[in-house]
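All remarks here apply to the structure that follows.
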Amino acid sequence: MSQLSSTLKRYTESSRYTDAPYAKSGYGTYTPSSYGANLAASFLEKEKLGFKPVSPTSFLPRPRTYGPSSILDCDRGRPLLRSDITGGSKRSESQTRGNERPSGSGLNGGSGFPYGVTSNSLSYLPMNARDQGVTLGQKKSNSQSDLARDFSSLRTSDSYRTSDGYRASDGFRIDPGNLGRSPMLARTRKELCALQGLYQAASRSEYLTDYLENYGRKGSAPQVLTQAPPSRVPEVLSPTYRPSGRYTLWEKNKGQASGPSRSTSPGRDTMNSKSAQGLAGLRNLGNTCFMNSILQCLSNTRELRDYCLQRLYMRDLGHTSSAHTALMEEFAKLIQTIWTSSPNDVVSPSEFKTQIQRYAPRFVGYNQQDAQEFLRFLLDGLHNEVNRVAARPKPSPESLDHLPDEEKGRQMWRKYLEREDSRIGDLFVGQLKSSLTCTDCGYCSTVFDPFWDLSLPIAKRGYPEVTLMDCMRLFTKEDVLDGDEKPTCCRCRARKRCIKKFSVQRFPKILVLHLKRFSESRIRTSKLTTFVNFPLRDLDLREFASENTNHAVYNLYAVSNHSGTTMGGHYTAYCRSPVTGEWHTFNDSSVTPMSSSQVRTSDAYLLFYELASPPSRM
């Protein structure tokens with residue numbers, strides 16, 4: 001595996017410095033390789049390499065997971081770009097710098113799901129907390145080792161009866177009327193075993209029914225290879241297990257027609273309702289806390305929330321040439337349900353999960369995943385479905401080298417919008433300037449790349465505490481490319497020592513900063529727990545701008561947190577309400593108020609900043 005920096009890969013693996021752009025006079029020409037293809041290459045960089053498939057000749061350790069696996073279990077790391085996602089569009093993914101990661105993955109999380117949770121509820125109908133059964137915290141406390149022994153001793157039987165009750169493997173009988181009871185309510189081990197067997201049997205039946213209804217139609221074929229039955233639960237509790245579920249596991253929507261149910265649009269005024277506070281929790285479907293954390297952060301993104309609540313996305317769905325709009329529709333319905341539910345309600349995102357795993361099959365099943373990867377796939381899918389460009393124009397071989405950098409960046413942005421123009425992009429996409437200067441002749445070449453987020457290395461200076469500005473300065477600092485890293489200068493016509501540097505040409509409305517919590521060890525990947533001190537208000541990034549600007553001040557409104565290790569852990573979210581301005585902790589189905597002084601922790605992984613309103617002119 002090459003140990004060249006990821007930034008170098010973006011420079012040297014494209015044809016900019018070896019073929020047309022840097023080695024010849026056409027550097028900066030807008031072609032797929034100079035403005036688009038290299039962006040795909042930046043996403044192919046293994047900043048968070050996936051765990052390699054286990055084979056008899058592989059000595060790489062297989063990651064632990066605390067939930068059921070699927071056939072895609074080996075594909076756990078940073079995903080490769082799929083042609084069905086990017087299509088003709090080759091936009092940048094996250095912009096990052098740093099050495100390639102050794103074998104490992106991102107910060108996988110999702111083990112903190114309630115015991116016995118399944119994903120068979122196919123609607124966004126919220127469940128009131130008053131009817132949600134008993135939590136572990138309400139029962140007599142037991143040590144984790146005792147719980148682990150009790151849960152690991154459970155056994156289930158594949159045989160069950162539908163008329164006279166369920167007969168477990170040890171002969172203990174339970175009436176079907178107890179179907180709504182959670183295994184947590186069992187009074188004896190026999191009853192616990194029988195209830196668990198009943199749940200698994202019912203889940204297998206419902207999973208098969210759901211699969212046939214979705215994929216069994218004549219002439220249709222499943223878009224996914226396989227899916228693990230959602231009823232499977234960990235045999236031993238994860239070290240990061242958190243009892244966050246407080247709902248009746250098998251509560252069904254009565255009176256609904258057969259087939260996959262879909263949530264109806266909210267019928268009351270979402271903006272005037274006192275209960276519309278966006279404080280509904282999300283059910284953990286089984287290792288899906290990474291998804292819940294990101295969804296809550298996006299739900300509290302003011303302009304994206306309004307885009308869904310006011311149904312503005314409907315006018316953009318007709319512009320796309322693709323007939324696939326289910327992901328945007330389900331995402332909007334989920335946001336609408338969250339904001340029309342009462343506080344402490346719990347919403348099941350099962351239909352949304354069905355759509356995201358159809359768009360990105362790597363999320364099929366119930367493996368722990370990296371939240372930043374999920375965010376990138378989700379934003380890419382939403383953007384594609386509401387892209388205002390019906391037919392993308394062919395790239396023109398127009399040379400922009402003769403233009404000043406400011407005008408060149410403006411023209412590059414215009415060409416980008418000719419192909420990629422959506423409300424999602426309006427909010428999250430910025431523009432990064434990359435410069436490469438030859439130390440011999442002084443020739444400087446520039447290229448402008450769109451970005452959806454910035455992956456920041458964690459600075460070592462000031463350990464054990466660094467500031468977010470330290471990380472930004474490390475991201476934008478000058479790097480010397482020498483030795484084997486030398487690119488070819490088109491003016492010198494030889495490989496020369498060069499200096500590369502990043503700066504922000506265009507700041508997005510929503511700036512997502514990804515803290516790269518990965519160690520530099522070549523033996524194995526471990527998580528960095530360094531505390532990064534980040535501001536909640538007035539994050540001034542003007543010193544990182546390519547040109548003078550007074551509009552680069554941000555305020556924090558959401559944080560996605562990861563606790564645990566790179567092998568497994570749990571995700572939560574801290575979000576500031578766009579309505580009340582108050583902070584809340586979103587831990588799957590649990591939503592609790594918090595103080596702004598509690599937002600900064602060493603578990604912060606993704607920071608969501610919104611551009612502050614420009615000062616009014618007198």
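Glycine is no exception: its Cβ is also placed from the backbone N, Cα and C atoms.
Listed in Swiss-Prot:
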ACT_SITE  Cys289  active site, nucleophile
ACT_SITE  His570  active site, proton acceptor
BINDING   Cys438, Cys441, Cys489, Cys492  Zn(2+) binding site
COMPBIAS  90-100  compositional bias 'Basic and acidic residues'
COMPBIAS  255-274  compositional bias 'Polar residues'
DOMAIN    280-612  domain 'USP'
REGION    1-213  region 'Necessary for interaction with MDM4'
REGION    54-112  region 'Disordered'
REGION    246-274  region 'Disordered'
REGION    416-516  region 'Necessary for interaction with MDM4'
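Apart from Cys438, Cys441, Cys489, Cys492, the Zn(2+) site neighbourhood in this chain, defined by C-beta within 8 angstroms of the site C-beta centre, holds Thr439, Asp440, Gly442, Tyr443, Cys490, Arg491, Ala494, Lys496, Cys498. Under the DSSP three-state reduction, Cys441 (Zn(2+) binding site) is assigned to coil, being neither helix nor strand. Put plainly, the recorded positions Cys289, Cys441, Cys492 were compared by Cβ crowding within 10 Å, and the winner is Cys289. Packing around Cys489 (Zn(2+) binding site) is summarised by its Cβ count: 24 other Cβ atoms lie within 10 angstroms of its Cβ, all protein chains included.
Rounded to a whole number, the distance between the Cα atoms of His570 (active site, proton acceptor) and Cys438 (Zn(2+) binding site) is 46 Å. The number of other CB atoms found within 10 A of the CB of His570 (active site, proton acceptor), across every protein chain shown, is 28. If you draw a 10 Å sphere around the CB of Cys438 (Zn(2+) binding site), it holds 22 other CB atoms from the protein chains shown. Per DSSP, the region 'Necessary for interaction with MDM4' (416-516) is made up of 20 helix, 47 strand, 34 coil. Under the three-state DSSP scheme, His570 (active site, proton acceptor) falls in the strand class. Recorded residues Cys441 (Zn(2+) binding site) and the residue listed as 'active site, nucleophile' have their alpha carbons 53 Å apart, per Cα-Cα distance.
Comparing Cys492 (Zn(2+) binding site) with His570 (active site, proton acceptor), their Cα atoms are 52 Å apart once rounded. Straight-line distance linking the Cα atoms of the residue listed as 'active site, nucleophile' and the residue listed as 'active site, proton acceptor', rounded to a whole number, equals 7 Å. Here the CA atom of Cys489 (Zn(2+) binding site) lies 47 Å from the CA atom of His570 (active site, proton acceptor).
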